[in-house]
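Colleague: Sequence annotations record features per position, and here Swiss-Prot assigns signal peptide to 1-26. Annotated heme c 3 binding site per Swiss-Prot: 94, 209, 212, 213, in sequence order, evidence recorded as sequence analysis. Marked as heme binding site by Swiss-Prot on the basis of sequence analysis: 122, 125, 126. What Swiss-Prot records for 160, 163, 164, 301 is heme c 2 binding site, and it gives sequence analysis as the kind of evidence. Per Swiss-Prot, Ca(2+) binding site is recorded for 215, 216, 261, 263, and the stated evidence type is sequence analysis. According to Swiss-Prot, the feature substrate binding site maps to 216, 264, an assignment based on sequence analysis. Marked as heme c 5 binding site by Swiss-Prot: 275, 314, 317, 318. What Swiss-Prot lists as heme c 4 binding site is 282, 285, 286, 393, and the listing cites sequence analysis.
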């Protein structure tokens, strides 16, 4: 009976995907002659779908920022030389998607449309304006250039047109009209034999979230988004894919290891867990059917913790009470956290030991197998921890990946000890004080005072120009 109820609730689901002083920003050119069907302003759909819109808007209540680097300064060392060592906050409400990508230190402080450290692709999961630009310019046109180029055009937060074909008759009639608004996501699903247009309703519900909640990388000269699923979705499959094309996101500034940075692989880890294997979708747990004041059922678009809507989520399938299930989840979360910290400790030592080996005169040939072990260890660790909900989605897979990461890190440190001995170094390599985020950032040479000052200037001068330009072009409501 519970399963029938769940299926009935699923049928009506409407879903969204569950992750800057001068006048140099010229007037944007008018929309091209291509057919454009994406409406990016979410408030356009409020009269037609008031309950869904108001619940989506309520994601602004999820406003707390949690500083992951302050909580765990080891991360600064693991990401030395990469923008994540500057700033990494845990996710919050979809209503902050554009704000957060503007404000993070990772995107730098560009002064012109051609300035800054990151490519246009960094907007890809932040706004329905991305789908609009892809329709107007094509994928090659959208991905071309620096992140700052998109500032005056990508201004609306994640919303309706990211997940729904809002121009369709079905949507006008109140049906979900789910769609993959990113062509690269559609190609990725085809690579794992899941073409969207042939998928069932439940599969589509999770695939729409999987447009953004996935591992991806920036491919080619244009730095276009691609999912590394050609060999499969398991951590070893993606590792094999990246190794075959000799891809790295960056080189760790301490160990000189060509590194991989996992993003937010919820779709992959969910697929590996008990819920994914039984096709209990993202929607079932994070966007349940609820009743409005008149008793009408609608899909709650305030995406959040299933325990906040226990009766409408977990209780549809589970007979245990809320406290019992919370205890199980908390135990799994703690087990993953404990192993995560142990792996990080080994990796921190490995990066500093590798630096010591280089400083002692180690050759590329001597270091190659060691760096490969560090690369693989940190990749497996990162894929396990970058999905913040893995303790719920796939705890067994999380522990398996972390165990494998521990083995690889141990292999690297064993080889490093032997190599260092040949260089006359037999003592333990000391670590600097990395007990706080600030001390760890100082240890890798970051000038955080300058970085923060540049960012604040950018936010005060460039971002207001972006928003003014967007209003002039009717991309934002006045």
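Note: Cβ is positioned from N, Cα and C throughout, glycine not excepted.
Are these features on the surface or tucked inside, and what are their neighbours?
Modeller: Under DSSP, residue 212 (heme c 3 binding site) is assigned to coil, being neither helix nor strand in the three-state scheme.
When other Cβ atoms within 10 Å of the Cβ of residue 122 (heme binding site) are tallied across all protein chains shown, the result is 22.
Secondary structure at residue 264 (substrate binding site), taken from DSSP and collapsed to helix, strand or coil, is coil. In the shown protein chains, 20 other C-beta atoms lie within 10 A of the C-beta of residue 264 (substrate binding site).
In the three-state DSSP classification, residue 318 (heme c 5 binding site) falls within coil. Counting only same-chain residues at least 6 apart in sequence, those with a Cβ under 8 Å from the Cβ of residue 318 (heme c 5 binding site) are 325.
In sequence order, 266, 269, 270, 272, 273, 275, 276, 387 are the residues near residue 393 (heme c 4 binding site), counting only same-chain partners six or more apart with C-beta under 8 A.
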Colleague: Binding-site residues 94, 125, 209, 215, 216, 261: which have a Cα within 10 Å of residue 163 (heme c 2 binding site)?
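Modeller: Final answer, ordered: 209.
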Colleague: To which of the binding-site residues 160, 314 does the lowest count of other Cβ atoms within 10 Å belong?
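Modeller: The binding-site residues 160, 314 were compared, and 314 has the fewest Cβ atoms within 10 Å.
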Colleague: Name, in the order they occur in the sequence, the residues of the same chain whose CB lies under 8 A from the CB of residue 126 (heme binding site) and which sit 6 or more residues away.
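Modeller: The list for residue 126 (heme binding site) reads 97, 98, 101, 154, 157, 158, given in order along the sequence.
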Colleague: Please report the distance from the Cα of residue 263 (Ca(2+) binding site) to the Cα of residue 301 (heme c 2 binding site), rounded to the nearest angstrom.
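Modeller: Residue 263 (Ca(2+) binding site) and residue 301 (heme c 2 binding site) have their Cα atoms 23 Å apart.
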Colleague: In whole Å, note down how far the CA of residue 301 (heme c 2 binding site) lies from the CA of residue 125 (heme binding site).
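Modeller: Cα to Cα, residue 125 (heme binding site) and residue 301 (heme c 2 binding site) are separated by 17 Å.
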Colleague: Over all shown protein chains, what is the count of other CB atoms within 10 A of the CB belonging to residue 209 (heme c 3 binding site)?
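Modeller: Here the count is 23.
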Colleague: Of 94, 285, 301, which is closest to residue 215 (Ca(2+) binding site) if I measure between C-alpha atoms? They're all binding-site residues.
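Modeller: If we rank 94, 285, 301 by Cα distance to residue 215 (Ca(2+) binding site), first place goes to 94.
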Colleague: Could you check what DSSP calls residue 160 (heme c 2 binding site) once collapsed to helix, strand or coil?
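Modeller: Helix, per DSSP.
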